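Here TrEMBL flags 1-29 as signal peptide. The active site, acyl-ester intermediate annotation in TrEMBL covers SER88. According to TrEMBL, the active site, proton acceptor annotation covers LYS91. Per TrEMBL, active site is recorded for SER148. Positions annotated as substrate binding site by TrEMBL: LYS254. Per TrEMBL, the feature domain 'Peptidase S11 D-Ala-D-Ala carboxypeptidase A C-terminal' maps to 304-393.
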Amino acid sequence: MKRQFRALGIGIGALCLVASSALPQVAHAASTQGIAQVREAAHGSESSPAPVSSVDLAKQAKSAVLMDFATGKVLYAKNAHERLPMASITKIMTLLLIFEALDSGKLKWTDRVQASERAASMGGSQIFLEPNETMTVRDLVKGIAIASANDACVAMAEHLDGSEEAFVARMNQRAKELGMSDTHFSNCNGLPAPNHYSSAHDIAVMSRALLMHPEITQFTSVYSDYLRKDTDHPLWLVNTNKLVRFYDGVDGLKTGYTQEAKYCLSATAKRDGFRVIAVVMGEPKPTVRNAEVSGMLNYAFAHYKAVNVYPQGHVIGTAQVKRGTRDRVEAVTAEPVAFVAERSSKADYTTEVQWMTLTAPVKRGQTVGRVIVKCGHQVVANVPLVAKEDVPKATFFQSLGKTMKKIITFGQAQ
């Protein structure tokens, strides 16, 4: 049946695009509506940007948040904590758990995932998985990130946790860990379900967490791509987020629409090293959604700048470790070290590193200190430093050997 549906899709695509009969099916219909042109948000004085409360950047959205990625600072908010249906923006959390599994080694990009009958039965946006069809993790992520594929989400959820229910429990646990107090997930793809909601603020928070995995934008920035390209059933993917094509700097992140949720979007853009996240929920039309998000991004880039101190993963120094196989471990920044400043400001700053007292064993990713950034006396960034690698606890003989080596070295120095 799905193969017949594919054939119908191919025929429609051929008529619309006046292409050859071999044209692949379109996974998500490209919008024929133009992206509304948005005038740049009104400037305040050259030296003083308009305060958040004095502008209305998302007049028709039920709620909205504009957030700086590096610091999590909210630059604009409207009904930020109102609980609303989020539709396919749900998939941001699904993608976050997938990327965390990739980072931990639980998943590999080349792993093959078999679709169950349940995964293949998902409606809405999909990549038309057949029962028992296998596809790589990379291709499934491509389907989720570009075409918002509901079937790919369920396939990945079942592969990682055995069932969608178990995966959703982890989604809710991760939301709790991120401080998302206005969010509850009932499924992994955002199809309408009771007790499934979030807020603009929480969506910005989980978007920021996903963007801590920079590789995600290699998928979300793509406007169109293919799956099953060298088969009899190629599938053309078209990004549901049209801003990746029409707004300079946008490289993600996720759209959402259901009749209940209306039009939602979590967008991210980066210019001159300054990345922001713009979230709107409950917009009446896709053109309005895109226009208001564009206006929010314009406002951010017109009034603020990022002062980037250190990138994520930057080696700051070494932390001392007691009773380990090594005496020191390299410490790296757990996230970007940066702060937001008014575009017209000079933004001079100083940095200070505070080290923790460490006793082996020390695990990779364990907090070993903090880097603190100050503008004058004001702390503008306070970021954890984490161990770059494991330091096991030394055995008795290893400790004895290290002690003897120190004694010999000390004696030679006399």
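Positions of Cβ are set from backbone N, Cα and C atoms, glycine also.
Source: prediction; values computed, not measured.
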Can you give me the same-chain residues 6 or more apart in sequence from LYS91 (active site, proton acceptor) with a CB-CB distance under 8 Å?
ILE144, ALA145, SER148, CYS153, CYS188, ASN189, GLY190, LYS254
Three-state secondary structure of the residue listed as 'active site, proton acceptor' from DSSP?
helix
LYS254 (substrate binding site): secondary structure state under DSSP, collapsed to three categories:
strand
Could you say which of the active-site residues SER88, SER148 has its Cβ with the most other Cβ atoms inside 10 Å?
SER148
